[in-house]
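Notes follow once the structure below has been shown.
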């Protein structure tokens, strides 16, 4: 993997020294990639909404622009917020399936700790998923993640590409008979985004990315099975 944080051509993923030339007085000229002879990053002239739409469509060019050519440091906050969304969904489903005749104070106390428990479970599942991905990549191509910087950059890319979990909130607000189908579609979208993030970050084949995602799911499901054996409702 090339140096994390270096500019990249969004078309061929080759390293670029600059995105544009500034001729002063508001005159800018987008740099041309020496490898593919295309603009290094056409998205620097695009509206953020257009960039977001292209990212939602999982276009590799949009992912390269976001990951390599912009400075976004919301990975940690986004991860926490996504975990809170997931914990809230599970907590609601748990409340819908449980009935209690305990006093109100005990019920409120139990519900609060149920939410904390759901957050912890969601965090462990996310951690297992990431461990599965890195394990598969390490076993398949040990040279890919050779430094701490490589590891950190890929981790940030995976966390950022999990933004699709934010759709869990609208799925709850607009609750209907197809809620479970919506949750499944959101899961598929997040996994697709994760796959594209791995492919763009490592500049590798879809096959290896798919193997990494499947490995992550195996680790995640192993944690889920462990919780179910303990008797926890996840």
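Note that Cβ sites are derived from N, Cα and C of the backbone, with glycine treated the same way.
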Looking at 88-107, 208-227, I want to know which stretch TrEMBL calls transmembrane segment. 208-227
Best-contacting stretch, by C-beta pairs under 8 Å, relative to the transmembrane segment (151-172) and drawn from 115-139, 178-196, 208-227: 178-196
Which sequence positions outside the transmembrane segment (115-139), separated from its termini by at least 6 residues, show Cβ-Cβ distances below 8 Å to it? 79, 83-84, 86-88, 90-91, 94, 145, 151, 154-155, 158, 194, 198, 202, 208, 211-220, 222-224, 227, 232, 234
State the non-local partners of the transmembrane segment (208-227) in its own chain: residues 6+ outside its ends, Cβ under 8 Å from one of its Cβ atoms. 121, 124-126, 128-133, 135-137, 140-141, 191, 194-196, 198-199, 202, 234
With a Cβ cut-off under 8 Å, give me the same-chain residues at least six positions beyond the ends of the transmembrane segment (178-196) that come close to it. 58, 60, 63, 89, 133, 158, 161-165, 167-168, 171-172, 206, 209-210, 212-213, 216-217
